[in-house]
Amino acid sequence: MSPAAGVHALLLPDQRPGKAEKRASVSGAVFNVSTSIIGAGIMSIPATLKVIGVIPAFLLILIIAWLAEISVGILLRYTHSGDSTTYAGVMGESFGRVGSIAVQICVLITNLGCLIVYLIIIGDVLSGNKPEGSVHLGVLQEWFGIHWWNSRVFALLFIVVFVMLPLVLYRRVESLRYSSAVAVLLAVVFVGICSAMAISALLNGKTKTPKLLPELDNHTSFFDLFTAVPVIVTAFTFHFNVHPIGCELEKPSDMIKATRISMVLCAIIYFSVGLFGYLLFGDLIMADILVNFDQSSSSSALGSLLNDIVRLSYAFHLMLVFPLINFSLRANIDELLFSKKKHSLEKDTNRFVYLTIVLLAFSYLAAITIPDIWYFFQFLGSTSAVCLGFIFPGAIVLRDVHGISRTGDRIIALIMIILAIVTSTVAISTNIFGFVSNK
């Protein structure tokens, strides 16, 4: 097998027409795409409304969703115009081995970072945390008291072994469609409870009028407004799963349809949780809205129950998102390290299980060792996620090795690249300045 063969290897068994393997459904693809999109990013959306205001946030969500759909369309067009069936392969056709490695490294950084963050969040929900000296009890600690068995180490170990492991051992994305459907339902439950609590607070006069436009003062500068862009970019980045999901569908148009439906659904969920979360907590909203839903935020038994349901629903949601993010991470690492292997990943059981166990164990150890990597997570949206979502697809259009781009495509590609670079540079600089200033 040539060195380039790994670039063109399918992430899944060959699902081309004529094979006996059952084709994936559009509805299953919608659930898998939506679950890939709605991860931990949803929790930071309300905080962006506090920074930039309701109207700019609404417009920004629409614009990012529209650009994300365009970039997915670009990847699919160039995939079906060439010989590659992976994101890294498409970049490899345009920019050679350097291009494919760039994609694989960005997927490694983005997905592995997300998996660790997901486990940290799940640990916070179940076993609590102590940010800056303040104690936030987890749901298990509130219900049963503080014991060794509901500590972060043991609670996460139980989740990893009995929930994560069975799901990450699936070798087809379509097999995760039911867990993805439940994940989307849990996200809707999360939004529904937030909206009900916000409407109740609004009727009782306990909410403040949200800012429709940004207010620049001593606490918010013009450059701080750019930090909202990477948050929403990260929230709409699922490009690493475009090929695994799309390869199992019968027609390329099915993936376009699934993407459009998912974009509309996710935009509605994002703006709803952002608006109602902001109405509920106002300027006290935290960067992670789940922190606002601890026991101390409610004075009634019903309020405490709703807070626990909100936190648990999202923790279970992240448990079901985990296998989808792990799926493309495992495939890209295999493509990067074992491209010369004779057998593909799904046919090599030993390699498949080995990679799965190593990634799961590493994510678990990192989650219980690193107390807080939120700054790292913020930088994901400004670096690797921006590259995967906009810079790489735009570069593929401008390179145009298949001669299929139109003038309009090149203009949009150039706009995507410029916006991504400018906003990311400003956001990174602002975050670094803020981090240094707080030291």
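Numbering starts at 1 and runs along the chain as it is shown here.
Each residue, glycine too, has its Cβ placed from N, Cα and C.
TrEMBL lists 23-411 with the feature domain 'Amino acid transporter transmembrane'.
What TrEMBL records for 26-45 (among others) is transmembrane segment.
Residues or ranges marked as transmembrane segment by TrEMBL: 51-78 (among others). Within the same chain, residues 45, 87, 90, 93-94, 210-215, 220, 224-225, 227-229, 232-233, 235-239, 242-243, 246, 252, 255-256, 259-260, 263-264, 266-267, 270-271, 274-275, 278, 389-390, 393-394, 396-397, 402, 404, 409, 412-413, 416 sit at least 6 positions outside the transmembrane segment (51-78) and bring their C-beta atoms closer than 8 Å to a C-beta of that stretch.
Within its own chain, the transmembrane segment (98-121) has Cβ neighbours under 8 Å at 7, 39-40, 43, 87-89, 91-92, 156, 159-160, 237, 240, 288, 290, 314-315, 318-319, 321-322, 325-326, 328-329, 332-333, 335-336, 359, 362-364, 366-367, 370, 372-374, 376-377, 380, 383-385, 387-388, 392, counting only residues six or more beyond its boundaries. Feature annotation from TrEMBL assigns transmembrane segment to 98-121 (among others).
Residues or ranges marked as transmembrane segment in TrEMBL: 153-170 (among others). Only residues 6 or more beyond the boundaries of the transmembrane segment (153-170), in the same chain, are considered here, and those with a CB under 8 A from a CB of the stretch are 119, 122-123, 126-127, 138, 140, 176, 179, 319-320, 322-323, 326-327, 330, 353, 356, 359-360, 363-364, 367-368.
Annotated transmembrane segment per TrEMBL: 182-202 (among others), in sequence order.
Taken from TrEMBL, the feature transmembrane segment covers 222-240 (among others).
What TrEMBL lists as transmembrane segment is 261-281 (among others).
Sequence annotations record features per position, and here TrEMBL assigns transmembrane segment to 312-331 (among others).
Residues or ranges marked as transmembrane segment in TrEMBL: 352-370 (among others).
The transmembrane segment annotation in TrEMBL covers 376-399 (among others).
What TrEMBL records for 411-436 (among others) is transmembrane segment.
The stretch in closest packing with the transmembrane segment (26-45), judged by the count of Cβ pairs under 8 Å and taken from 182-202, 261-281, 312-331, is 261-281. Nonlocal intrachain contacts for the transmembrane segment (182-202), taken as residues 6+ away from its ends with a CB within less than 8 angstroms of a stretch CB, comprise 31, 34-35, 38, 42, 265, 269, 272-273, 275-277, 279-280, 303, 306, 309-310, 313-314, 316-317, 320-321. Counting same-chain residues at least six beyond the ends of the transmembrane segment (312-331), those with a Cβ under 8 angstroms from any Cβ of the stretch are 11, 32, 35-36, 38-40, 42-43, 86, 107-108, 111-112, 114-115, 118-119, 121-122, 125-126, 139, 159, 163-164, 167-168, 170, 173, 176, 179-180, 182-183, 186-187, 189-190, 193, 240-241, 244, 290, 345, 352, 355-356, 359-360.
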